[in-house]
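Q: For reference, the structure I am asking about is given below.
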Amino acid sequence: MGLEKSLILFPLLVLVLGWVQPSLARESPAMKFERQHMDSDGASSSSSTYCNQMMKRREMTKESCKPVNTFVHEPLADVQAVCSQENVTCKNGKQNCYKSTSALHITDCRLKDNSKYPNCDYKTSQYQKHIIVACEGNPYVPVHFDATV
């Protein structure tokens, strides 16, 4: 009797896991924000090759060259705290953007004019600027990097 139950339940388990697992592997908007914009230690951000290395490592040059990206060199908790700071209008007109109250250490990566995929070549520039992020969810966390000011 136990073997019969196992033979029935095992295929059901395989079906359920096959259905559930892909959704577990999907990257949430908050996880994507962290992958694309957070580099808390940022130890080598002063290197001229920082953007080339990080853009590749963080998978932003896989199918095309992402034209612009900003990395924030502050603790994740500090960037998440921006979601409770000054509410501002996003570039797309939505009202879920927030501006940091203090300037943060960032690295701006911009694709050079003569750069072509798959040889993505970026200009690396360091700044201390206020950031604007779009926030969503519960907990309310950054899901989109909107601008720097």
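All positions are counted from 1 along the displayed chain.
Placed from the backbone N, Cα and C atoms, the Cβ positions cover glycine too.
The active site, proton acceptor annotation in Swiss-Prot covers H37 and is backed by similarity to another entry. Residues or ranges marked as active site, proton donor in Swiss-Prot: H144. Residues or ranges marked as substrate binding site in Swiss-Prot: K32, R35, K66, P67, V68, N69, T70, K91, R110. Among the features that Swiss-Prot reports, disulfide bond is placed at C51-C109, C65-C120, C83-C135, C90-C97. Annotation comment: Swiss-Prot describes 1-25 as signal peptide, evidence class similarity to another entry.
Walk me through where these features lie, including what they touch and how far apart they are.
A: Counting every protein chain shown, 19 other Cβ atoms lie within 10 Å of the Cβ of H37 (active site, proton acceptor).
Around the Cβ of H144 (active site, proton donor), the number of neighbouring Cβ atoms within 10 Å comes to 20.
Cβ neighbours within 10 Å of V68 (substrate binding site), excluding its own Cβ and spanning all shown chains: 10.
In three-state terms derived from DSSP, C51 (disulfide bond) belongs to a helical segment. Its Cβ taken as reference, C51 (disulfide bond) is surrounded by 25 other Cβ atoms within 10 Å in the chains shown.
DSSP assigns C120 (disulfide bond) to coil, not to a helix or a strand.
Less than 8 angstroms from the CB of C135 (disulfide bond) sit V82, C83, N96, C97, Y98, V141, P142, V143, each of them six or more residues away in the same chain.
In the structure as shown, the Cβ atom of C97 (disulfide bond) sits within 10 Å of 23 other Cβ atoms.
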Q: Could you give the Cα-Cα distance between K32 (substrate binding site) and C65 (disulfide bond), in whole Å?
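A: Spelling it out, the Cα of K32 (substrate binding site) and the Cα of C65 (disulfide bond) are 17 Å apart.
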